[in-house]
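Q: According to TrEMBL, the protein has these features:
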type	residues	note
DISULFID	C57-C72	disulfide bond
DOMAIN	86-234	domain 'Cupin type-1'
BINDING	N131, H136, E141	oxalate binding site
BINDING	H134, H136, E141, H180	Mn(2+) binding site
Amino acid sequence: MFLAFKASSPSSISLFCYSLTINNQESMASPTTPFLSIFLFFLITISADPDMLQDLCVADLSSGIKVNGFPCKDAANITSLDFFSQGLANPGLTNNTFGSLVTGANVMNLPGLNTLGVSLSRIDYAPGGLNPPHTHPRATEVVYVLEGTLDVGFLTTANKLISRSLKRGDVFAFPKGLVHFQKNNGDVPASVIAAFNSQLPGTQSLGATLFGSTPPVPDNILAQAFQTSPGTVKHIKTRFQPKK
C-alpha cells in the first residue's frame, strides 16, 4: 500500500492523524495496522521546522545563490561585526510625510541573524506622527515603549479593532499578518523597540501597496473596492508617487 499526503500545517496533520486513529480502532484486525502506526509516527516527525544544523550561518549577502534565506558565509571570514549593530542607538529622523521612521536591525544589516529567526526595529514618532496601517506577513511583532505615549491597535479577520493607549515601559503584541498601526497623539516625540520572530519580517503598508505599486493596480478595481470614483483613486495615487 502507498499513501500520498501533503502536510500543509500541523493542524491538518493532527486532524488526519485523528481520522486514521479512529479508522484504525474500528479495524484492529486489519493487516495494515502496523503500517498505519509507522505512517502516523512519520507524519509527527515532519510536522515541525528542522533545527539548525550548525552553530552559525552568517548571511552571505553577496552570493548569487537563491534560497529561502541566505547562504552561509565562509566560517573563516566570520567576525564579531557580523553580530553587531549600533543602528538603533539614536533616534531616527521623522521629518517626513507620516512623521515616523522605522530603523531595522534584521538580516540585511545584521547578517549574523541568518537562520536565527529574530530581528529588531526602532520606531521613532514626531508629535502627531503615525506608523500607518501595515502588516508583517512573516512575523509577530512585540513593541516596548522607550518614551512618549502611543495609541496602537490591530484588526482581526473578523474586522474587530483591538486597541490601547501605551506609555513608557508598556509592551504590546501585534499578531502575525494582521493589519496594525501606531499613532503618537502626544505633544512630545515617542519611540519604541519592536521585536520580531523572523530574521526578515517584511512590511506591507496598505496605502503604499494599493496606491503606489509598480505596475499600478487598475483605477477601476480600487474604485470598486473602496466604493469611490476613479477620479478619487487617481488623486490618491498622486500622493503615493515616488518623490523626485
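Counting starts with 1 at the first residue shown.
Here the Cβ of each residue, glycine as well, is placed from N, Cα and C on the backbone.
Just so you know, TrEMBL annotations never went through curation; they're auto-generated.
I would like each feature placed in context: is it buried or exposed, what are its neighbours, and how far apart are things?
A: DSSP classifies C72 (disulfide bond) as strand under the three-state reduction.
In the domain 'Cupin type-1' (86-234), helix, strand and coil residues by DSSP number 21 helix, 55 strand, 73 coil.
Shown in sequence order, F98, S100, V102, I123, Y125, F181, Q182, K183 are the residues of the chain, 6+ apart in sequence, with a C-beta less than 8 angstroms from the C-beta of N131 (oxalate binding site).
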Q: Just to verify: the residue among C57, C72 with the fewest other Cβ atoms within 10 Å, which of the disulfide-bonded residues is it?
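A: Among the disulfide-bonded residues C57, C72, the sparsest Cβ neighbourhood within 10 Å belongs to C72.
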Q: Report the mean pLDDT of the predicted model across the domain 'Cupin type-1' (86-234), rounded to a whole number.
A: 97
Q: Among all the protein chains here, how many other CB atoms are within 10 A of the CB of H180 (Mn(2+) binding site)?
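A: Cβ-Cβ neighbours of H180 (Mn(2+) binding site) within 10 Å number 22.
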Q: Which site among H134, H136 has the most other CB atoms no more than 10 Å from its CB, taking these as binding-site residues?
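A: Buried the deepest by this measure is H136.
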Q: Measure from the Cβ of E141 (oxalate binding site) and count the other Cβ atoms within 10 Å, all protein chains considered.
A: 23
